[in-house]
Protein chains: 2
Amino acid sequence: MSRRPRADARRNHDRLLAEADAVFREQGTGASLEGIARRADVAVGTLYGHFPNRRALVGAVLRERNEALFDAGEALAGKAPEEALRQWVDLVVSHAATYRGLAELLADGIDDEASELHASCTRMADIGEQIVSRAIEAGTVRPDVTAADVFTLMNAGAWTREHASAEQAARLVSYTIDGLLVSDRSPQGAV
Amino acid sequence: MSRRPRADARRNHDRLLAEADAVFREQGTGASLEGIARRADVAVGTLYGHFPNRRALVGAVLRERNEALFDAGEALAGKAPEEALRQWVDLVVSHAATYRGLAELLADGIDDEASELHASCTRMADIGEQIVSRAIEAGTVRPDVTAADVFTLMNAGAWTREHASAEQAARLVSYTIDGLLVSDRSPQGAV
DNA sequence: ACCTGAACACCGTTCAAGT
DNA sequence: ACCTGAACACCGTTCAAGT
């Protein structure tokens, strides 16, 4: 419970966050931490003092963006099930494509409780779970579809954006969601 | 056209390939090249003499495996379109999941003519293209599906295998292929 | 309470010198 | 014709010493 950080500590903290955001945007989450410290005019040890590892720094940089994402996700509760699902997946794909390498951190973070990103991953998966179970109850989505399927799809979509294009990723995601829906060739979603 | 490599050169070449395969299997394609040279009892410079960069080494290690894959792909020409598509995607997903990091090299290799893996990527995409166009003509797959969609799906599936599980990857791939098929909600595939 | 920067262990890549 | 290993430039991470 540190209450009043020293003025220089607070300043270093903020500079590190700002430079980390810029550098991750340019070079991805694998960028040199020494480089970030240099750009923030701070010694490496200071960076480690504030953020014990790379994931902690990535998590800190994403904090506000995460809140906005979760709020947007919960605002989808009113929409029609298929629309809500499509929009939620699109939102998270865009989010996870903010920095190159983030999709990988998120995909690994859901299964690693020690990860600083684990809480956000869980939150994302939970929102997806709600949307999916609602869609299944409505008979829109196949009853065997899981929250894990949706979480995986989001990360795979973001990864595709990094390694192909946003258009290609959108196509993959769209086709996959089509495949999740109840149709003539899939089991019916009676509850 | 070097015809008769010196005996020690050939021996070093083979040892490097064998150790590279083992190390990539354990640690992924991002493993230390110095470590591979060490395990092969060879100086680093020797490794670079035989393989100018990491991709060249990965490509060399995959050479035989690639041939088997392509042969298996062409053998699918006789199968029913949907079966051929599903089996081809499964084959490549398994192949691309041989080493952690390979899916990324393949996804990047298709657009990079300088990559030592570019030829294999093109070959994979071509086989996929044949299978898809046959499936579209048969009215099994939606007419707007492209070879790029299938190539992307294969890489995304392999990446998912690395970062989730083989089961989860198989589910994602299966749902996506369902979405590629002609159904009541998708445009009909009349030619 | 926080910052600094040297220290350690590691890496990719090159290239002069050897055989 | 090929191999060696030192050299260079870089990195993640720690921690004694400072203020």
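Positions of Cβ are set from backbone N, Cα and C atoms, glycine also.
Your range for DNA-binding region, going by TrEMBL and the list B:32-51, B:52-71, B:132-151, B:172-191, is B:32-51. With DSSP states grouped into helix (H, G, I), strand (E, B) and coil, the DNA-binding region (B:32-51) comes out at 14 helix, 0 strand, 6 coil.
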